[in-house]
Amino acid sequence: MHLLRGAVRTYAWGSRTAIAEFTGRPSPTDHPEAELWFGAHPGDPAYLQTADGEVSLLDTLREDPEGQLGVAVCNRYGDRLPFLLKVLAADEPLSLQAHPSAEQAREGFEREERAGIPVAGPTRNYRDPNHKPEILIAISDFHALAGFQPAARSVELMRELAVGDLDPYINLLAGQADADGLRALFTTWITAPQPDLDVLVPAVIEGAIQYLKSGRKTFAAEAKTVLELGERYPGDAGVLASLLLNRLTLRPGEAIYLPAGNLHAYLHGVGIEVMANSDNVLRGGLTPKHVDVPELLRVLDFTPATDEVLRPRVVQDGMEATYLTPAAEFAVSVLAIDGEHLGHEVDAPARQDGPQILLCAEGSVLVHSKTASVTLERGAAAWVPADDGPIRLVAERPSKLFRATVGGALS
Ligand SMILES: [Zn+2]
């Protein structure tokens, strides 16, 4: 087991304070920090802090896959860590996006390979043949758009905005208030000529302003989102798409799971994200990056997403709360040490054969593995190789560790 130095990613939508404060560095930072990666992604691996200096986790896995990952994980994923854990801090909205299913990713990757589109090129959709399920667990209040909402609710929202230019679209959706109607309307907007959008989007923004001025509450969050998105992306169909999506506010500890085909955009907040190790993103707007509308439409799931789909069930087992998802690549839980456990060495519930990444979110925890001990302060992480578990924990004050492991049943 070693301390793990994560890789900071600076993107324009990041925060100059959140990640720095979480990891105890001076803030504000020179550049907005958007993500802190703990994993073995070839683009930006984390580094083990060893007695002989820093060693890339990626190199460590290549040198000793069975010791680090365990035989069962190696049998399934080779020398790759199948998940990536991130701290994500959004001060501004991220792009509207969806991720392909495993089958779509494999097919899309092969298709683009055959077409000779460079893997790192700006117009490449499928950079690897893998799907990318992801879960986000809020650390602060976290705001997001995720999944289509029931069509009837979008009809009601559009009616409340009282924008004459929306009438034909309200009629379209009211006339077919189901997944097919949502597909038809979303397709209409996302493929609309720019001059049409340049009329419709400002009209919707004006409707949202008037709605908020009137003091009405039912759709206040949705109206504010229209303003926020419209300010940064005037004339972008993504502003209209926000009228069709669930507008979620997660409290700290609450999570959303984003299966394949779920259209989503993170808006604001700090969270922990765990995902399958893939770069496959299909964007639908709210971004200066490549947007491939036909490909996005191929993968989108227009079935309204309910809370049961979006919000993972949490199962408590002693000190550990596990977020249940169907993802095979990862499992994520929170180990909370408080009350009677304080000041004592406690066994963390055992995990099946495989590696663990621990990230301290609160307090301070002394972690013992088979061969080593490290202290994790807030924002610090550790890598526990498969052959170095199980772990025991000691905390003097209430503390929380996120634990990411390989998911599914390993055998
Ligand atoms: Zn995503």
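Just so you know, glycine gets a Cβ as well, placed from its N, Cα and C.
Counting only same-chain residues at least 6 apart in sequence, those with a Cβ under 8 Å from the Cβ of H99 (Zn(2+) binding site) are H131, K132, P133, E134, L258, A260, G261, N262, S278, N280, V281, L282, V299. DSSP gives H99 (Zn(2+) binding site) a coil state; it is part of no helix or strand. Under the heading Zn(2+) binding site, TrEMBL lists Q97, H99, E134, H264.
Cβ environment of R283 (active site): S95, L96, Q97, K289, H290, V291, D292, L296 lie under 8 Å away, each six or more residues apart in the same chain. Annotation comment: TrEMBL describes R283 as active site.
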Cβ neighbours within the same chain of H264 (Zn(2+) binding site) - under 8 Å, at least six residues apart: L96, Q97, A98, A144, L145, A146, G147, L245, I256, L258
Non-site residues, in chain order, whose CB comes within 8 A of the mean position of the CB atoms of Q97, H99, E134, H264 at Zn(2+): A98, K132, L258, N262, V281
